[in-house]
């Protein structure tokens with residue numbers, strides 16, 4: 001099993017759990033919880049694959065994804081009683097999902113030899129669109145549009161990865177550093193309530 | 001004209017009518033009613049075709065679909081006075097659309113030799129995504145997320161179809177039985193207010 | 001640089017500005033303003049390309065688009081103080097975007113030799129879906145569903161263009177006339193509050 005597919009499974013699990021938590025907060029039934037897990041986990045990668053024309057999209061070709069998502073949703077439903085502080089848990093899973101999927105998206109762009117700007121855009125789409133879909137379906141204001149810095153973190157993480165590759169760092173190491181950078185940055189943003197200034 | 005294309009036209013008509021009814025309930029103008037009919041009728045099949053990469057999507061290649069939808073929208077606008085009980089009519093058309101389109105989606109998956117699980121998923125997407133789009137555009141909570149059982153019925157109907165084919169039933173007969181099963185199940189669900197239990 | 005690509009850049013700029021204005025009305029941060037500009041400007045063309053299977057979609061292949069959008073968003077944020085009457089400015093940019101993109105969509109349909117009806121549909125999707133996405137993301141009722149005539153104007157403009165080509169008018173001239181027709185029609189619609197009658 002390749003390094004990237006491990007990252008992919010971890011990201012799928014993280015976003016599936018974050019989708020399940022959001023759905024349970026809104027009191028959806030178990031089936032709704034599974035759907036939300038699914039949409040959150042595959043939304044970003046699906047939009048990316050559709051935009052670049054890499055179809056059938058990934059989760060149709062790869063049965064593992066569906067199994068991981070259903071397992072994540074069931075585990076979340078069974079063990080939520082032990083997870084008192086929903087919002088922090090949800091936040092951490094969301095941050096890891098963002099980091100893991102951003103890197104998957106950038107890497108896919110590199111494989112297809114897109115320009116660096118487009119690679120970063122594909123990373124950001126992969127990392128953030130699942131959460132946007134989750135929020136839109138649940139009638140929440142998408143996290144990405146709230147005041148705190150979200151998609152910008154994904155963009156910076158993607159740029160960092162390209163930079164580390166440019167200085168000949170090993171790709172696995174660059175991946176791990178960039179993911180940890182994204183998670184740490186998100187924690188700092190939320191901890192200190194960082195927000196972009198407005199010019200108007 | 002093939003059996004499947006008759007099923008397709010019936011499903012298109014049923015969902016177009018359900019879209020038109022929903023739009024009229026919200027007092028949209030005639031153009032809005034036609035758009036909603038359109039989106040409801042083609043939404044599921046369009047998402048399915050985009051995900052599997054079968055483009056241009058079906059309704060761009062097949063002029064009949066557009067004509068059926070416009071006809072359904074106009075008929076609904078002209079004759080709504082005779083249809084006092086909007087909600088029941090809408091419910092029945094929605095149930096038939098769900099049954100007809102679920103089977104179209106499963107069949108398409110089989111033709112492309114996807115695994116049984118993916119075939120059922122494609123059936124559920126084809127059957128339910130048009131209605132989800134209809135509900136999102138009209139600012140209703142999607143039917144599929146309300147308490148009563150909806151997408152689960154589509155999944156069970158798809159599994160029943162695969163099972164009937166496995167025991168060598170004729171495909172036409174299996175199709176009709178599975179569609180009637182979905183419609184009947186939806187009626188029972190709504191009549192007796194069946195809902196999935198929650199474990200949390 | 002071809003005539004069509006100039007039209008494309010102007011339409012991109014117009015819709016990007018309209019997206020930025022809408023986002024600023026809702027007090028989004030600068031990053032949110034850029035995302036909204038982006039989604040408004042590329043939404044229609046992206047849906048069109050995905051539906052017809054012309055992927056990777058246009059903005060992934062053409063770096064100019066992204067630069068124009070970011071420039072439009074920044075200009076809008078810097079100079080909004082001089083633009084007191086948001087709503088009129090937004091309306092005019094939206095009207096020009098609708099005209100420019102409708103023509104781009106119809107022309108793309110002609111190149112792919114779709115039937116006239118489908119060409120007009122592609123024009124309407126290209127012209128109006130960016131604005132729909134903008135409105136849905138900002139929780140506004142989509143302009144296209146409000147009482148006044150919107151998508152119908154795009155349809156009539158598309159039909160006018162096909163008619164002018166049929167009488168052997170030069171394609172550039174037909175393009176300009178159709179765009180001005182759409183803008184003028186939108187102004188008349190809003191000025192005199194024209195709306196479609198309801199039959200029910």
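Every residue, even glycine, has its Cβ placed from backbone N, Cα and C.
The domain 'Glycine transporter' annotation in TrEMBL covers B:6-80 (among others). The residues of the domain 'Glycine transporter' (B:6-80), classed with DSSP into helix (H, G, I), strand (E, B) and coil, number 65 helix, 0 strand, 10 coil.
TrEMBL lists B:92-164 (among others) with the feature domain 'Glycine transporter'. Sorting the domain 'Glycine transporter' (B:92-164) by DSSP state (H, G, I as helix; E, B as strand; all else coil) yields 59 helix, 1 strand, 13 coil.
Positions annotated as transmembrane segment by TrEMBL: B:6-24 (among others).
Tertiary neighbourhood of the transmembrane segment (B:31-47): same-chain residues 11-13, 15-20, 22-24, 57-59, 65-66, 68-70, 72-73, 76-77, 97, 101, 104-105, 125-134, 137-138, selected by CB-CB distance under 8 Å and a gap of 6+ residues from either end. Look at TrEMBL and you will find B:31-47 (among others) tagged as transmembrane segment.
Annotated transmembrane segment per TrEMBL: B:59-79 (among others), in sequence order.
Feature annotation from TrEMBL assigns transmembrane segment to B:86-106 (among others).
Annotated transmembrane segment per TrEMBL: B:112-137 (among others), in sequence order.
The annotation transmembrane segment is assigned in TrEMBL to B:149-167 (among others). Within its own chain, the transmembrane segment (B:149-167) is flanked in space by residues 98-99, 102-103, 105-106, 116, 119-120, 123-124, 127-128, 143, 173-175, 177-179, 181-182, 185-186, 189, 194-196, which lie at least six positions past its ends and keep a Cβ under 8 Å from the stretch.
Taken from TrEMBL, the feature transmembrane segment applies to B:173-192 (among others). Tertiary neighbourhood of the transmembrane segment (B:173-192): same-chain residues 3, 7, 91, 94-96, 98-100, 102-103, 107, 148-150, 153-154, 156-158, 160-161, 164-165, selected by CB-CB distance under 8 Å and a gap of 6+ residues from either end.
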Quick check: do the transmembrane segment (B:112-137) and the transmembrane segment (B:6-24) share at least 3 Cβ pairs under 8 Å, counting only pairs 6+ apart in sequence? yes
Same-chain residues at least 6 beyond the ends of the transmembrane segment (B:86-106) with CB under 8 Å of its CB atoms are 4, 7-8, 10-11, 14-15, 17-18, 21-22, 24-25, 40-41, 44-45, 48, 80, 119-120, 122-128, 130-131, 143, 150, 153-154, 157-158, 161-162, 175, 178-183, 186-187, 190
Please average pLDDT over the domain 'Glycine transporter' (B:92-164) for the predicted structure. 88
